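Below is one structure, written out as structure tokens, with a few remarks after it.
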Amino acid sequence: MLPRLSQLLLAALALSGVVSADPSGDEELRDFFAREGAAVKPLNLGRRSAATTQTRHLRPTYEREETILKKRDITPPDIGQVADFGGQDPEPIRNGAGDTFFANSNHEIDAQNPDNVAAPPTDAGTVPNLKWSMSLSHTRLLKGGWVREQTITDLPPSKDLAGAELRLSPFAYRELHWHRVAEWGYILNGTGRISAIDDSGRSYISDVHGPSNGSDPDIYYFPPGVPHSIQALDQGLEILLIFTDGNFDATGTTFMLSDWLAHTPLEIVAQNFGVNVSELGGIPQKDPYILKSTVEPPPFGHASEQAVADPQGDVPSPYVFHLDQQKKTNAPGGWVKIQDSVTNFPVSKQLASALVFVEPNGLRELHWHINDEWLYIISGHGRATAFAGGSTARTFDFQPGDSAVFPVSYGHYIKNLSPTEPLIYVELFKAEKFVDFSATQWLALMPRQVVADLLNISIATVETFKKEKQIVIA
Ligand code: CO
Ligand code: CO
């Protein structure tokens, strides 16, 4: 009795931080994980405690110490939860398999990707990497902002879509240009003014804003070939950009007006515009990509003051879509707003999108699509498993600023890992209509016996499955 009590006392002191367990090294750590497994909550061994602050959103909040003490003798069944290393660096150990890192590993990256290090037992086979953090991209610094991209060379499975983040300082321009492919934008922060014309010479000018006072931001869409530019207003601007080609950096994809003129004989340029060569001496010989404005434009909400009278009139269908004017589609565990050309955003013929809000602990249900899905995490922390068919699957962990792709037909879910903060992200498809198939809806609408026999579950259980898409489950 006495030794048992003293052990408990020692463990309690160690937990309260009064006595450090003070591991002598990897051997003790290895023994510890071999004994306790990674899916239980181990004692804090005091190694690299700084990791807890960097990764506090990745794991559930710690239980009270007495609860941990009661549970310590019980190894819970591994039902696929994120391996919990109790605030320590993740180690490639799970349920008696694996071993510690014996040499080097990048502990910050490990801490953000515990499912790379100690995947759930349901992961299997070789699934390519499907995630790209924009923080891994080269950032191009320009006078008046910056840009960083994710293209097919960063994330080869993303064939349909490429993404970028663009920052404009107050009043800076993204210069006049057009693309071979369609462009979709989501205002991440700040305010700006976009302008364009269509192929009939009908013009468009509109102010756009990021999320403010809890309201959703604006998105925009430019069809292929439509020439456009963007100017930041007084707050500056940051935009998430999507292009309908994974190989967006290929020559022949983006065309800058100043670049074109710099590579056209000046006498031709002069004749084309009907002016003297002497008036064109200031044309830049290298496209700036981003440039500062020389005069402050009219403030937000005053776009019409800059509009040029257009004999052809305005474009018939706006390039901007105001998410804050769209009604939410409520779901048991959150809500979604879907935009596509068939439903509510006619001009967006090659891009369908959804803004998804997942409440704490909520789950974007098991589903798949008929196009590649490209996604971007706006806030919160998520976890997704991509099922690639052929008995292969891989689980990924997401942080804000991560992009990812679920290739066409891959089954997937996204779980909000946080018990307190929402997970907000966008889903994008190179498609005229948003399409998804729900696993639950499918099974609920099949003959009961078919489902019961396959899954070896009762008909009574099958009868509880929801016949309507749940989208996000509480
Ligand atoms: Co563009
Ligand atoms: Co999806």
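Placed from the backbone N, Cα and C atoms, the Cβ positions cover glycine too.
Residues annotated as active site, proton donor in TrEMBL: GLU427. If you look up TrEMBL, you'll see HIS177, HIS179, GLU183, HIS228 marked as Mn(2+) 1 binding site. Residues or ranges marked as Mn(2+) 2 binding site in TrEMBL: HIS367, HIS369, GLU373, HIS412. Residues annotated as domain 'Cupin type-1' in TrEMBL: 128-281, 321-463. Taken from TrEMBL, the feature signal peptide covers 1-21.
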Local confidence of the prediction over the domain 'Cupin type-1' (321-463), expressed as mean pLDDT: 98
Lowest local Cβ density among GLU183, GLU373, GLU427, which the record lists as recorded positions, within 10 Å: GLU427
Additional residues around Mn(2+) 1, ordered along the sequence, whose Cβ is within 8 Å of the centroid of HIS177, HIS179, GLU183, HIS228: TRP178, PHE222, VAL226, PRO227, THR254
Intrachain C-beta neighbours of HIS177 (Mn(2+) 1 binding site), sequence separation six or more, cut-off 8 angstroms: PRO227, HIS228, SER229, THR254, PHE255, MET256, LEU257
Binding-site residues whose CB lies under 6 angstroms from ligand 2, from HIS177, GLU183, HIS228: none
Rounded to the nearest Å - Cα separation of HIS367 (Mn(2+) 2 binding site) and GLU427 (active site, proton donor): 13
Those recorded positions in GLU183, HIS367, GLU373, GLU427 whose CB falls under 6 A of ligand 1, listed in sequence order: GLU183
Residues in the domain 'Cupin type-1' (321-463) grouped by DSSP into helix, strand and remaining coil: 21 helix, 66 strand, 56 coil
Other residues, Cβ within 8 Å of HIS367, HIS369, GLU373, HIS412 Cβ centroid (Mn(2+) 2 site): TRP368, PHE406, TYR410, GLY411, GLU427, ASP436
Between HIS369 (Mn(2+) 2 binding site) and GLU427 (active site, proton donor), the C-alpha gap once rounded to whole angstrom: 11
Neighbour tally for HIS179 (Mn(2+) 1 binding site), based on other Cβ positions within 10 Å of its Cβ: 21
Cα distance (Å, whole number) from GLU373 (Mn(2+) 2 binding site) to HIS179 (Mn(2+) 1 binding site): 21
Spatial neighbour of GLU427 (active site, proton donor) that is closest, considering only the binding-site residues GLU183, GLU373, HIS412 and their CA atoms: GLU373
Three-class DSSP secondary structure - HIS177 (Mn(2+) 1 binding site): strand
GLU183 (Mn(2+) 1 binding site) in three-state DSSP notation: strand
GLU183 (Mn(2+) 1 binding site) versus HIS412 (Mn(2+) 2 binding site) - Cα distance in angstrom: 26
